[in-house]
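Colleague: One structure follows; several queries about it will come next.
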């Protein structure tokens, strides 16, 4: 009985509570308000699908702590917008980079086309100033006069050769010898790896892979430029080899000789290709660029010739009064030459006569009535620019500025180095000029300057302002 009465009482309490709730609906406000805090806490931990509490709504209306009140749908929308904006920015940036790269490639292609046409000229000469004597370095290692020099396309190494039959590879930065290929004595050709006669000329391929050297014994030697390892020996010329040049961008080699011929070789295949004839006297110099053609100086036949290899034809030019001893291409359309009459000439491949000639370019020597001009022994050109140089047996290196359209030569300054300036080469960057100097002319011993030093001079090309390599097109 006790137990049952207990349960009955419990049920009654439940009923009373229910009635109290009904009463609260009609007028028991205090009881309902007392339960609201519990409702509030339940709302704050409720699931996302439940309605917002009045407090949260008021906060949203007032705009306070907006980031903490963002709904998941709003957050997803906001992040999606940010992601789309980020994608848009990345695409725009990529488009700008692609456009810049396209313009850069187009610019390079345009420059290459203009270079091929001989329409590219960099105006550098106006900013050049004479270097201080203390800044000119002398590299000594050859026992006899230096006859020829070349510079690697990256401007890091210089190769020189001399009448002592040796070849030396130099480091430009330090001035130290990297490798020496010693010369051999006459009669040791069968057992000596290298030259046993005066080396007259040399050339290096544009990729720096091969070095070619030619000597008085009619031989052409091919070396691995990196290691100075001997690779091949080319024979076929019937006179001293006086000129060598690799066609730019290839391993095709052009050679010239006192036998009055030009020969074409394929170094990759270790093969002879063909022989070209036309000069009436010993060829004294040769040069080439990227076209399948080369230019030569014909010595005492008084001609400069342009050889079109594929067409098997030649163009003949006349101008100097003496023996034309050296020649160099400035670009595909223009060249500079020097002669023993003391003159320097600028040429166009489209004109049979020089565009400009400077007579007595290095002055004269001897008595007033018997004075003779100092002959020009070497010339060099900074490719696709308005800057050229000439060297003479009077110890002068003369730098020149080419006039507009190469119709004129204006002297810039002279660098004095005692000796015969037998060879000149500009670095690809235009930062320095290398001169191969000796006590004698590279081809003979009829005159000796005892006070001169046999060596290589590295002449810095100083500028008033930083070098400007922006091209100027020729019209």
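Every residue gets a Cβ built from N, Cα and C, even glycine.
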Colleague: Under TrEMBL, the annotation coiled coil belongs to which of these stretches: 77-126, 127-176?
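Modeller: Range annotated as coiled coil by TrEMBL: 77-126.
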Colleague: Which residues of the chain, 6 or more past the ends of the repeat 'WD' (234-275), have a CB below 8 A from one of its CBs?
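Modeller: That would be 200-207, 209-210, 212-222, 281-292, 294, 296, 307, 309.
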Colleague: In the repeat 'WD' (234-275), how many residues does DSSP put in helix, strand and coil?
Modeller: 0 helix, 24 strand, 18 coil
